[in-house]
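Below is one structure, written out as structure tokens, with a few remarks after it.
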Amino acid sequence: MSLYSFYRISKPSGYKVPAQEADATYKRLRNRTFWGAVVAYSLYYVCRLSLSIVKQPLIDSGTFTAGQLGVIGSSLLFVYAVGKFMNGFIADYCNIRRFMATGLLVSAVANLLLGVLGFFHGSSGAASAVFFITFAVLWGVNGWVQSMGSPPGIISLSRWFPLSKRGTYYSFFCSSPYLGEFLSFIIVGLIVGALGWQYGFVFASLGGFIGTAIILLFVSDTPESKGLPSVQELSGEQMRKEDMMRTADIQKNVLRHPGIWIIAASSAFVYIAKYAIANWGVLFLQKEKAFTLESATQIIAFSAALGVLGTILAGWLSDKVFKGSRILPVLISGLLSFISFALFLFAGGGYLANVIYVSMFSLSVGVLYCIIAGLMAMDIVPRKATGAALGIVGISSYVAAGIQDIASGYLIQGYTEKAADMADAVYNFTPVSLFWLFAMLVAFILPVVSWRKMKRK
């Protein structure tokens, strides 16, 4: 069997489910596919965030500098950006079950290799050029296979859910990254604190292997491959003329849609702020606010938990409270994100205050992220081009996140008063905090002032 045959979208099954059983079978397989994709994608994030948790031990041991960690972190984000763009287009043609499982399996192996590499290198001493390059390359490989998670996960919504239900279920799917963050910062954080940074990667790989098994056991490719009619027939949804066009032609139209590029630019700035917290939040709390590793990871974990609520609320607020309007919830959540982010970065306070600041930020940015990076894009493109639209938004978002990681690393390193023991160095986070806050402001202002252009054909 060729790779093309293995990964291409499943052919309709020769067996047809009896008409009287079709509705029950459809709902059962739809729910299994949905929850399998949600849990599996949260475990994708466990394999993605392992580096964020171990930054302080890596810096304090002299293994890497903040600048080097910025470069390593950006290797994942830049490769992920290109991968998400390409895999978004490819996934529209793929068997999502096999495609998604392959990505998570290789991501788990990459994390395992990083942990094993750490055992051989040791936990102290300056990093050699070979060790640094090997680490960056493996993290970049992880970035590529990580890009195989989101497109098939979201395409599963298009293949299994009618338009009338897609917004609500998309909000639930958007919560999976925050669930992954919560698991990472709580469980992996405790393991790193107790056993060392190498075990953080090893545990993350275990989560990846479990997620791969979940995909293979629960996710189905299409209703037709299971002997069911199409989702349009099952739900009574009227066919649009775009649904009859070739996928390639629809994808070309998406590339020419001005609304997609406005959404992509706005999402890029959302990701700068979002990944500032995810990738540097633990280090910021340790060095700027003197929290221990355990307390810092707990604070960021609380933010992830509220992010889950934010993304779940996004679809409901937009559809029910604001009657389908996307702009008003973007404006409200954007203002709340900006204010709470500023408090987190510049206000004082102890453990509880910082939990409140970062949790409110995560709650509101969860709404913002879900609407801008997902619902707006899905609103203006046909079902067959869902992956392409998300690929365009994804490449801009993760290129921006990668630039953020490099810029943040060197801004932190450049304004740090070094000491003989790096654990005693004095950090100045003001320049990088202003950079992060400016991005948050642009993130919600751009779609608010440009919303009329978003639906222009």
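Just so you know, glycine gets a Cβ as well, placed from its N, Cα and C.
Per-residue pLDDT, averaged along the domain 'Major facilitator superfamily (MFS) profile' (33-457), amounts to 82 for this model. Residues or ranges marked as domain 'Major facilitator superfamily (MFS) profile' in TrEMBL: 33-457.
As annotated by TrEMBL, transmembrane segment applies to 34-54 (among others).
What TrEMBL lists as transmembrane segment is 66-87 (among others).
Residues of the same chain lying 6 or more positions beyond the ends of the transmembrane segment (99-120) and with a Cβ under 8 Å from any Cβ of it are 7, 37, 40, 43-44, 47-48, 50, 87, 90-91, 131, 134-135, 138-139, 141-142, 145-149, 152-153, 197-202, 204-209, 211-212, 215-216, 219. According to TrEMBL, the feature transmembrane segment maps to 99-120 (among others).
The transmembrane segment annotation in TrEMBL covers 126-146 (among others).
The transmembrane segment annotation in TrEMBL covers 167-191 (among others). Within its own chain, the transmembrane segment (167-191) has Cβ neighbours under 8 Å at 34, 37-39, 41-46, 48-50, 52-53, 153-154, 157, 161, 199-200, 203-204, 207, 278, 282, 293-294, 297-298, 300-301, 303-316, 318-319, 362, 366, 369-370, 374-375, 378, counting only residues six or more beyond its boundaries.
Annotated transmembrane segment per TrEMBL: 197-219 (among others), in sequence order. Panel annotation: around the transmembrane segment (197-219), residues 32-33, 35-37, 39-40, 42-44, 46-47, 49-50, 53-54, 57-58, 61, 96-97, 100-101, 104-105, 107-112, 114-116, 118-119, 123, 156, 183-184, 187-188, 191 of the same chain, lying at least six beyond its termini, place a Cβ under 8 Å from a Cβ of the stretch.
Here TrEMBL flags 260-278 (among others) as transmembrane segment.
Through the fold, the transmembrane segment (298-318) approaches residues 167-172, 174-175, 177-182, 184-186, 189, 277-278, 281-282, 285, 291, 324-326, 329, 333, 351, 354-355, 358-367, 369-371, 375 of its own chain, all at least 6 residues removed from its boundaries and within a Cβ separation under 8 Å. Marked as transmembrane segment by TrEMBL: 298-318 (among others).
If you look up TrEMBL, you'll see 330-349 (among others) marked as transmembrane segment. If you look at the transmembrane segment (330-349), the same-chain residues 6 or more away from its ends with a CB under 8 A from one of its CBs are 273, 284, 310, 314, 357-358, 360-361, 363-365, 367-368, 371-372, 429, 433, 436-437, 440-441, 443-445, 447-448.
Long-range contacts of the transmembrane segment (355-377) within the same chain, counting only residues at least 6 positions beyond its ends with a Cβ under 8 Å from a Cβ of the stretch, are 154, 167, 170-171, 174-175, 178, 259-260, 263, 266-267, 270-271, 273-274, 277, 281, 299-300, 302-311, 313-315, 317-318, 326, 329-330, 333-334, 336-337, 340-341, 343-344, 347, 349, 389-390, 393, 397, 440, 443-444, 447, 454. The annotation transmembrane segment is assigned in TrEMBL to 355-377 (among others).
Sequence-distant contacts of the transmembrane segment (389-412) (same chain, six or more residues past either end, CB-CB distance under 8 Å): 66-71, 73-78, 80-82, 84-89, 147, 150-151, 154, 254-255, 260-261, 263-265, 267-272, 274-276, 279-280, 283, 373-374, 377-378, 380-381, 427, 429, 431-432, 435-436, 439. Marked as transmembrane segment by TrEMBL: 389-412 (among others).
The feature transmembrane segment is assigned by TrEMBL to 432-451 (among others).
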Tertiary contacts of the transmembrane segment (34-54), as residues 6+ beyond its ends and Cβ separation under 8 Å: 69, 72-73, 76, 100, 103-104, 107-108, 110-111, 114, 139, 142, 146, 149-150, 152-153, 156-157, 160-161, 169, 172-173, 175-177, 179-181, 183-185, 188-189, 192, 197, 200-201, 204-205, 207-208, 210-212, 214-215, 217-219, 278-282, 297
